[in-house]
Amino acid sequence: MAKVRVHELAKELGITSKDAVTKLQELGEFVRSASSTIEAPVVKKLRDAYPGAGAAKAAAPAAAPKAPAASRPAAPAPGPAAPKAPAPAPAAPAPAAPAAAAPAAAAPAAPAPAAPAAPAASTPVSAKPGARPAPKAETPAPARQGGQAPRPGGPRPGNNPFATSQGMPRGRGGDGDRPPRPGNNPFAPSQGMPRGERRNDGERPGGPRPAAGAGGPRPAAGTGGPRPGAPRPGAPRPGAPRPAGGPGAGNRPTPGMMPNRTERPAPGGAGRPGGAGRPGGGPGRPGGAPGAGTGGGAPAGGGFGKGGRGRGGTQGAFGKGGAGRGKQRKSKRAKRQELEQMSAPSLGGVSVPRGDGETIIRLRRGSSITDFAEKIDANPASLVTVLFHLGEMATATQSLDEDTFGLLGAELGYKLQVVSPEDEERELLDQFDINIQDELDAEGDDVLEARAPVVTVMGHVDHGKTRLLDAIRNSNVVAGEHGGITQHIGAYQISHVHEGKARDITFIDTPGHEAFTAMRARGAKVTDIAILVVAADDGVMPQTVEALNHAQAANVPIVVAVNKIDKEGANPDKVKGQLTEYGLVPEEYGGDTMFVEVSARQNLNIDELIDAVLLTADAALDLRANPDKDARGIAIEANLDKGRGAVATVLVQSGTLAVGDTIVAGTAHGRVRAMFDENGEALDVALPSRPVQVLGLSNVPRAGDTFLVTPDERTARQIAEKREAADRNAALAKRRKRISLEDFDQAVAEGKIDTLNLILKGDVSGAVEALEDALLKIDVGDDDVQLRVIHRGVGAITQNDVNLATVDNAIIIGFNVKPAERVAELADREGVDMRFYSVIYAAIDDIEMALKGMLKPEYEEVQLGTAEVREVFRSSKFGNIAGSIVRTGIIRRNSKARVSRDGKVIGDNLTVETLKRFKDDATEVRTDFECGIGLGSFNDINEGDIIETFEMREKPRS
């Protein structure tokens, strides 16, 4: 026995395939889909789960063989019809008349338009209630039986794949609520199911069917067809009062509305209507009704010319009535699909949703086309195609920059906004119910306590910032800086007695070299007060102005320290005058900026400078913070210590940081294992405004990353991972090289673009960041060469760095770090170039020279000599030979040449293929010597022409 599929069994039981699959899964059977096959025991188990459905199904087939058409009427005998008679009470008057007189009875009962049109034959057929009388039921019964046999006229109901699914459902509709029989046209506009249901509802009992059959199987089918049924809601056709007009098919205008189908005309009541030829088919073919009453049905339907056509398009019957239109009419589904396709804009052969030009789409940095597609509910592949037609090439998962998204958004009518890093960080923390700003706003005065001011020392390189801090701290940091310039951010806290009270002050030292712009900006961001150091002998310099702009942008009060007043040529008044141009007016000039003249070398006026800082803090700032909460702050600097691992210098801005707290700083996370102050002494807690070194992080955070204490390690890890993914995507988008379609073929042909790959390793993260920014700003004036930093990190050069450099053919730059001995041997063996620097500008100069060396050589034309043609010799073997005399320079064989005549070039980019002195071959011929010159296939040579030879020489790059 063949295995049964789930959907076949579902049809047999009268349930949906989905219900069957669900039920089987509930019963513990593994079923993947409705097309799965199941064994006999499983079939039995499902049948047992639906005993009622199985019984109903069994009963239906039993009744079907007797009379498919009659089964619908449900009352071939008067007995069954009697109980149903009360339901169609309104139709009772019409059926009371005998079959022959049915037309007369139908006329008064049926609607005005239908009554006159209904013929005698159609009357008994269409009237459901009218068919109920026992005598009528008996009369139609034989007709139906006879009709079943002669059904050769057309395919069985339901077998026609082009039918609109009326045939089969109608034949069985009277049996009970059963799904449409197999064979329904899946492309029909969904009339099949409703029809079957209508026959089963109360308004179309099976009783009337027999009566209808009496008049003729086909008419009965037509009349009893689910389509014209009275229950049809919203159908403004005469078919609505069906009960009364049952006896006469003419009462059913639906058939009349059916479209013309010349292939099956049914004249009079002969073929379909009158003849019992289609009893069973009647139900499935509403069109049969009109045919039954040839003349009657058609006029009732609105008088279409070809009355009696048994079959008509279902939409003509149920939709807008009218003859000859159903054949071309499309289903609602098809129309809807066409409308959607028409409304969807197309670009490059794909349809994508468009905005109205004002729709704002927010994307994170480094988003891909897939992310954008999710926002606008589009197919990523379609957006890739659109971008391709706009001249940009990208994959669906490739991180794109803001310009590319702007181009795509403008084309599709969207305004794309790339979320700023600050907003991105805020949205990320919101996912973990952390909102730092709300925490600060919710704090009242009762929980705030005074904290130390954070002071940043800024200024131009070599103006004495670090020496000034040495004087304040009584230490000697300058001696430890390479090249005498600061390349790190240092943070220290001192205690100073001010007005008889000990006050703590936190100092942050920033680099002054131009490469450390990011560090200076970071220092201004975290500070309360800025000390602007200006050398009295140099005056205002570029980095002085930049530091001033950073401080003013951060809205930070500024105290000016005029340093080196002990030096010859010092002119503090000149400095004051210069700074006045930038909005810093000294108090003695009527302004509000405090100027203090100091000498860091001689320790002059250091206390006065500290007092000025504290006075400014007390007057202009509210320096308070809440120490009784989880710590929040910023990582000022970080490095990888060989013995202690990742070490981060953090500044606590609010709350209290304690040993054992779980923190996350940028992409690093971990538990605080130990804390140290600037002197290397261990601390247990760090209060607001306290800089400390933290041990225990998973990796080295970047300088400037915010840090916060989290409830548990899991939260810290998740925040760090999300930050890392966002940073990686942003870096990929930034690194992406945009190549237009116009340049793509050329780039491929030329081996694309020369790239210098670098791996940067440094001792602290801030220095590595500054070095990377400075290197990426190098411009050699040619887009054919680009610089790419494929990896950067903090700590010594490792074996993994060498392996990466080997694969990507990269150069390793070590900044204040060295490789281990084994790593150096591996690099030598693999041929990896490693460079080591301790001063940043030396690294910048070397990389710039390397980039210039990678540039494609530029060539210039250098003239070798000229020759005048005296005579032309014709040769069948070599072509025309120019007998010439060399006027200037040298004529060389295989050199490039051009021919000029009367000052006009007539042949260019030629080659001197043959060069002879008389009959001997020559390599070169000098001035005032005669020679024979052959230019290959170029034969347009006349006497008096000038042959000029030249070569292309490489032009040195400046």
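Positions of Cβ are set from backbone N, Cα and C atoms, glycine also.
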Could you tell me which of the ranges 38-66, 67-95, 647-675, 821-849 is annotated in Swiss-Prot as region 'Disordered'? 67-95
Which listed span Swiss-Prot calls region 'G2', if the choices are 419-423, 424-428, 484-488, 899-903: 484-488
The annotated region 'G3' range in Swiss-Prot, which must be one of 509-512, 893-896, 953-956: 509-512
Of the residues in the region 'G4' (563-566), how many are helix, strand and coil by DSSP? 0 helix, 1 strand, 3 coil
Averaged across the region 'G4' (563-566), what pLDDT does the model get? Just tell me the whole number, please. 90
Number of other Cβ atoms within 10 Å of the Cβ of Gly459 (GTP binding site) across all protein chains: 28
